[in-house]
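Right, one structure below, let's go through it.
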Amino acid sequence: MPTLDDILEEIGEFSRFQKQTFFVLCLLSAAFTPIYVGVVFFGFTPEHRCFSPGVAELSQRCGWSLEEQLNHTVPEWGGHGTAFGSRCRRYDVDWNETGLSSPVPLSPCRDGWLYDYPGTSLVTEFNLVCEDSWKLDLFQSCVNAGFFIGSMVIGYMADRFGRKLCLLITVLINSVSGLLVAFAPSYTWAVVFRLVQGLVSKGGWLTGYVLTAEFVGLSFRKTVGVIYQLAFTVGLLIFTAMAYVLQHWRWLQLAVTLPNFLFLLYYWCLSESPRWLITQKQNDKAMEVIKRIAKGNKKQLPLSFQYLKSEDDDGEKLKPSFLDLVRTPQIRKHTCILMYSWFMSSVLYQGLIMHMGIASGNIYLDFLYSALVEFPAAFILLLTVDRIGRRYPWAVANVLTGGACLVTALVPDTLYWLKMTAACLGRMGITMCYEMVCLVNPELYPTFLRNLGVLACSSMCDLGGIITPFIVYRFAELWHELPLVVFAVIAFIGGGLVLLLPETKGKTLPETLEDAENMQKRRKENTIYLQVLTSKTCLCLGRGAAEQPSPSAEGRAALTQASSSLACSCTASSQSCSQAARQLLDFYFSPSWAIPSLNFSAF
């Protein structure tokens with residue numbers, strides 16, 4: 001009986017029906033952007049200073065300009081408000097009674113802050129600055145904690161109850177919780193509702209990714225996977241434009257949430273994954289979906305394809321466990337390197353975006369430029385992975401990211417375009433790293449362990465996202481560019497580690513633990529060597545052997561000449577080598593010859 005991939009080859013691996021499904025799922029990918037990187041605009045921290053009663057009246061009486069007012073009334077003012085004291089301390093005086101020459105004590109900002117920003121953000125509304133600045137870190141860390149927990153729960157639900165149902169549930173919860181964030185009465189409730197969004201949003205995004213891959217044929221899976229992630233990049237561009245227009249965070253949150261309710265229409269637009277239906281032994285329903293695909297592609301389903309066979313019908317079903325990820329040496333090495341790569345990709349991708357939010361002169365333009373470089377990153381990936389391979393482009397991308405981070409950290413702010421170019425190259429490099437680990441991770445695990453391997457390794461991505469806000473915002477208080485130096489070290493280590501992984505270009509996916517363990521070994525079994533030996537009179541072909549009588553001098557000379565002319569080293573699929581081997585075997589078994597000993601081995 002045919003498999004689903006056999007049927008898709010007949011009715012279209014990526015035709016009209018799949019393209020429509022792919023398009024509506026790409027909308028879901030784009031809508032995930034504000035949740036993943038929204039803290040850049042929702043939690044934007046503008047220049048700020050303590051509010052001091054009486055300063056405005058004093059400034060008016062003295063005729064000060066704003067700069068003079070800041071120089072006289074704000075401690076440690078350096079022109080750009082970069083010092084901690086200028087933002088978080090004020091002179092503890094009554095400006096109507098104290099002269100400017102009097103020694104005055106400093107005190108915390110008891111009466112709030114003044115922000116140089118026309119709009120509002122979480123920071124300006126809830127005063128998440130100075131001693132409370134860690135609360136902004138917590139806001140984003142809770143989202144990533146939700147990603148970590150929710151991905152596993154949603155992944156189980158998608159395998160247990162189906163992709164479509166799981167997708168619709170996550171869309172509904174995500175939409176409602178997004179609305180609640182927009183109307184949150186306090187910081188605490190905003191964090192709670194944001195955590196709920198994190199619990200369902202990434203799981204829904206991953207479910208869409210799985211649906212995209214399961215509707216298309218084998219030859220298109222890599223392409224649709226990369227383009228699905230490119231839709232996320234398109235979401236970055238749209239989100240930047242919306243943030244520029246709507247500079248009040250509640251309105252922005254409302255604007256990015258309301259379109260999610262339209263995704264509930266997927267109940268009528270999407271079909272259940274036929275691959276999932278087959279794994280659940282619901283072949284009749286799977287066939288209905290297949291007929292719908294054939295009709296949408298304007299193809300006829302052959303009569304011989306009216307019955308389906310699951311890819312895992314044959315053979316013993318193995319139950320994976322977490323111990324299998326570290327049980328054998330090579331898989332243990334793969335697991336550790338992949339976990340680090342996921343961790344590194346998350347820390348640097350989110351970290352570079354967050355650092356841009358606190359370092360940028362024009363956050364909107366800089367965010368736009370850095371998002372645009374994700375497009376060439378995807379195209380470079382598509383052009384290189386099947387020509388050069390996985391390891392070397394991946395290692396180069398890591399080194400490029402690390403080098404760009406160092407350049408960005410060390411170049412002075414006066415060389416803005418050089419600094420911005422380096423930042424964009426770093427963003428392009430880490431985008432390639434992110435997409436590469438998504439591609440390579442499932443290629444290194446055997447079939448029964450593949451889903452668990454991807455789940456376990458990618459969970460480090462979410463753990464990395466939890467600590468990233470603390471790396472960016474707390475280290476920046478010590479030295480503004482310190483997070484970039486940390487990122488560079490992490491990236492350089494990652495570039496060295498990925499070179500220890502086996503190359504998977506052109507290799508079939510491993511089916512067993514033994515296949516996965518032997519991936520790094522040279523596949524000598526695909527090479528045939530023909531060699532004349534004189535020590536014993538035997539023929540070795542694979543595991544077989546045949547004894548022959550001792551040769552005459554005339555026979556030895558003739559066979560030596562024949563075998564020398566036919567000796568070859570080639571792939572087992574080579575027709576010329578097979579013909580040569582057949583001729584030599586015919587020559588060997590000819591009854592008219594008394595021949596020398598011959599060893600014909602397939603390694």
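Here the Cβ of each residue, glycine as well, is placed from N, Cα and C on the backbone.
Where the annotation comes from TrEMBL, it is an automatic prediction and has not been curated.
From a predicted model like this one, the values you see are computed outputs, not experimental measurements.
Feature annotations, courtesy of TrEMBL:
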| type | residues | note |
| --- | --- | --- |
| TRANSMEM | 21-44 | transmembrane segment |
| DOMAIN | 22-506 | domain 'Major facilitator superfamily (MFS) profile' |
| TRANSMEM | 138-158 | transmembrane segment |
| TRANSMEM | 165-183 | transmembrane segment |
| TRANSMEM | 203-220 | transmembrane segment |
| TRANSMEM | 227-245 | transmembrane segment |
| TRANSMEM | 251-270 | transmembrane segment |
| TRANSMEM | 337-358 | transmembrane segment |
| TRANSMEM | 364-385 | transmembrane segment |
| TRANSMEM | 392-411 | transmembrane segment |
| TRANSMEM | 452-476 | transmembrane segment |
| TRANSMEM | 482-501 | transmembrane segment |
Tertiary contacts of the transmembrane segment (227-245), defined by C-beta under 8 angstroms and 6+ residue spacing from its ends, are 22, 25-27, 29-34, 36-38, 41, 208-209, 212, 252, 255-256, 364, 367-368, 371-372, 374-375, 378, 431, 434-435, 438
For the transmembrane segment (203-220) against the transmembrane segment (138-158), do we get 3 or more Cβ-Cβ pairs below 8 Å once near-sequence pairs (under 6 apart) are dropped?
yes
Stretch-averaged pLDDT - the domain 'Major facilitator superfamily (MFS) profile' (22-506):
86
